[in-house]
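Trainee: Sending over a structure as structure tokens; questions will come in a sec.
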Amino acid sequence: MKNVGETGPGKCQLLRCPAAGCKAFYRKEGKLQDHMAGHSEQKPWKCGIKDCDKVFARKRQILKHVKRHLALKKLSCPTAGCKMTFSTKKSLSRHKLYKHGEAVPLKCFVPGCKRSFRKKRALRRHLSVHSNEPLSVCDVPGCSWKSSSVAKLVAHQKRHRGYRCSYEGCQTVSPTWTALQTHVKKHPLELQCAACKKPFKKASALRRHKATHAKKPLQLPCPRQDCDKTFSSVFNLTHHVRKLHLCLQTHRCPHSGCTRSFAMRESLLRHLVVHDPERKKLKLKFVRGPSKFLGRGTRCRTPVVEEDLSHLFSRKLLFHFKTRLETNLSGLFNERQLREPAEPEVNLSGLFQRPQGRAKAEKSA
């Protein structure tokens with residue numbers, strides 16, 4: 001452990017990390033010891049939350065990770081106008097010190113330099129100017145990699161050590177993170193949903209899947225009178241109406257000899273993979289609605305079936321709607337009181353059943 005200088009009014013000693021190539025320094029010895037644990041390949045701290053198999057080298061890392069599971073954010077900043085919340089008193093104190101208070105300055109210990117900084121990161125970046133050397137240098141023999149970021153050094157050193165497979169009994173070490181993920185997919189599936197028995201390779205994917213069981217699925221019924229099918233998305237409902245009820249399969253395959261046609265453009269893109277096996281399946285990007293303009297914390301309104309499919313129904317006037325759709329127009333008859341209450345379903349049902357030729361004849365008459 002090496003003392004690198006004095007700072008601040010109290011002249012606190014700065015302790016530098018003794019690891020080769022690392023120039024991190026701290027005020028307290030406990031924080032330095034915690035930092036040095038990050039240089040070791042051992043990760044003794046394991047998350048005890050169910051379906052989470054993450055391990056950590058430092059105690060504070062696992063404490064922070066567990067609090068993310070529990071979503072503990074109960075400590076609010078007392079400063080007026082500040083809405084920040086924190087899960088630990090230490091985080092709140094650091095926020096008040098650097099954001100709203102007067103932090104103890106870190107003075108540059110190089111003779112003749114009077115610069116001072118509020119954060120150690122800024123001081124480390126400043127020290128590289130005096131020495132004309134990068135803060136982080138790879139200590140592996142034969143490697144001349146340099147950088148001004150300690151985080152980049154840690155990521156670079158993992159390339160030398162490799163990424164070890166976390167499965168029990170597997171000694172595979174991959175040179176890159178991407179290669180490790182490709183290797184992990186070869187292992188048999190071990191995680192399984194207790195509700196539907198669906199297998200997963202990642203704990204994060206299993207947690208996201210479990211959230212779908214808790215949510216109430218969206219039920220969009222088909223508006224055709226003699227169809228009782230329901231769908232969970234507007235896209236599936238639109239595809240159903242275009243293909244089965246309206247027979248609007250306008251997207252044809254451009255390959256010669258192929259007579260396939262589709263109701264949706266996305267279905268055609270998936271079909272094109274059949275003609276070109278080497279072509280990877282496209283990740284389709286669906287344009288979201290105007291929810292981003294509603295601001296944070298607001299929910300987007302559930303899309304109304306009649307609004308999304310109105311342009312489809314206008315193509316065929318003989319499309320019979322369910323009586324549920326006409327009831328939405330009952331407000332038109334509430335402006336004045338009638339002696340005999342009219343039924344909106346009876347008065348409006350003829351609009352959707354009138355043939356096009358008859359409508360033109362009545363208009364000309």
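Even glycines carry a Cβ here, placed using N, Cα and C.
According to Swiss-Prot, the zinc finger annotation covers 15-39, 45-69, 75-100, 106-130, 136-160, 163-187, 191-213, 220-245, 251-275.
Could you place these features in context, so I can see how deep they sit and what lies close by?
Mentor: Here the zinc finger (45-69) has long-range neighbours at 34, 37-38, 87-88, 166, 191, 203, 206-207, meaning same-chain residues at least 6 beyond its ends whose C-beta is under 8 angstroms from one of its own.
Counting residue by residue with DSSP, the zinc finger (75-100) contains 12 helix, 4 strand, 10 coil.
This prediction places the mean pLDDT of the zinc finger (106-130) at 78.
Sorting each residue of the zinc finger (163-187) by its DSSP state yields 8 helix, 4 strand, 13 coil.
Sequence-remote contacts of a segment are chain residues at least 6 beyond its ends whose Cβ falls under 8 Å from one of its Cβ atoms, and for the zinc finger (191-213) they are 51-53, 184-185.
Counting residue by residue with DSSP, the zinc finger (251-275) contains 11 helix, 4 strand, 10 coil.
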Trainee: What residues in the same chain, six or more past the boundaries of the zinc finger (136-160), come closer than 8 Å to it by Cβ-Cβ distance?
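Mentor: Residues 20-24, 38, 124-125, 128, 175-176.
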Trainee: Using DSSP, what's the helix, strand and coil tally for the zinc finger (136-160)?
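Mentor: Within the zinc finger (136-160) the tally stands at 11 helix, 4 strand, 10 coil.
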